[in-house]
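First the structure, in the form of structure tokens, and then the observations on it.
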């Protein structure tokens, strides 16, 4: 037995002795009084018995005296005074007997009450003894638990020692990693500085090439004008100027590079419910629409009508955006079911790798609806979601290779090259990303939440639709500055993902967007004036797409209608 067990046993024994002493002192006087009363009771009983005997003898003598007084008197030799004294003693003895009987009754009552009290105390003492036994058992149990706790404490102390050793080792590793991090951070800053310098040089080269291209066009125009001034072979001298003017009166001249659409040539129901996305194939042979019926439908324009070519199925919720990769013949569709899917344009089926039994290019990983998805370089896709992240997917690995944390829900995004992404968010910011680095390189804050983004054909300008202030902003990507603002009374985006687009010509001469009242507004990108307001829709216009050659415009609304516009 250990020293701790002996000490605990002595403490318990001392506590029991102390408690026994306290309880005995409480009942000591009571027990002493009970003993005295018992002794007095016994003595009184003995006296009563003696008095009863004397009383019986005297009573017998008195009876005999009453029956035969003469004989008694003659036989007795007691004098009258002695007899009188005896009678007085008899009466006195009777009184004493009565008093003693009364005292006996009182003492009996006291004895009964004391017996009852003693019994209660005995019961209480028995319960105390039971409690003592329980406490002793509990004490033994506590000893056992104490021993187990001592063993656990020893094990914990050993584990704490190991943890301390691991902590020291972790601190050493942390210091080494911190040094590596500082070194990598310096290298990153150097690379970032070099990258910015390289980007500035590239921007200067692009600007120089644009200037040279503009000079070449001006020289070509001057040569054509000079040639037109010297070439008179096409002029008929027999015609008067008035006749010539009359002959050219019906010639239609376009003041722009592409014709400005002005008339709806075909209306049709393309999807059930809202139509959130429309996209032309790069060749212009057909376009795709997607919406609330969870399908992407392919359409071909023939003789002014849209003919249905096929449907791409597999989504579990509304289609939010569409992008077409002409090189790999793929079409990507993001959905409100937190996923992005890829279909093959050859067989209109979900893309599958060789040997797979299930579609392998269903990109899942977001935790909220995915509103935008674009192809990024070769066999890569980037998606933006309401879960405040952007994800980069490698279609060869069939996995997410990069997650960019934006901190705000993404409504739309565009890709510049295989590394650069621009995203628009609900927190009123446009973020510029390089997928080789986590934080965005730059940010632009605007007056409202961004509903859509579109990049010009020359990759120099970005068009952003802003819902809260009901306007469009054109941003020079080379300087990250807003250069133009487009607004009018009719324009009011109906959804957080309502789209706005540039015209496809090299000079991006038009910008176009749909409004909540069904209007389609076309602005001149240079003068910022409204060129045309097209009104044929009866519901909010969400998505639109220009033909790659600019020959027509397709607009879609929230009530399954699509309209093809052209110049007539």
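Just so you know, glycine gets a Cβ as well, placed from its N, Cα and C.
According to TrEMBL, the protein carries these features:
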type	residues	note
COILED	34-229	coiled coil
DOMAIN	12-193	domain 'Autophagy-related protein 16'
REPEAT	268-309	repeat 'WD'
REPEAT	363-403	repeat 'WD'
REPEAT	534-568	repeat 'WD'
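Listed as Cβ neighbours of the repeat 'WD' (534-568) (distance under 8 Å, sequence separation of 6 or more from its ends, same chain) are residues 257-280, 282-284, 287, 289, 291-292, 301, 304, 306, 494-495, 497-499, 501-505, 512-522. Taking DSSP states H, G and I as helix and E and B as strand, the repeat 'WD' (363-403) has 0 helix, 25 strand, 16 coil. With DSSP states grouped into helix (H, G, I), strand (E, B) and coil, the repeat 'WD' (268-309) comes out at 0 helix, 26 strand, 16 coil. Within the repeat 'WD' (534-568), the DSSP-based counts of helix, strand and coil residues read 0 helix, 20 strand, 15 coil.
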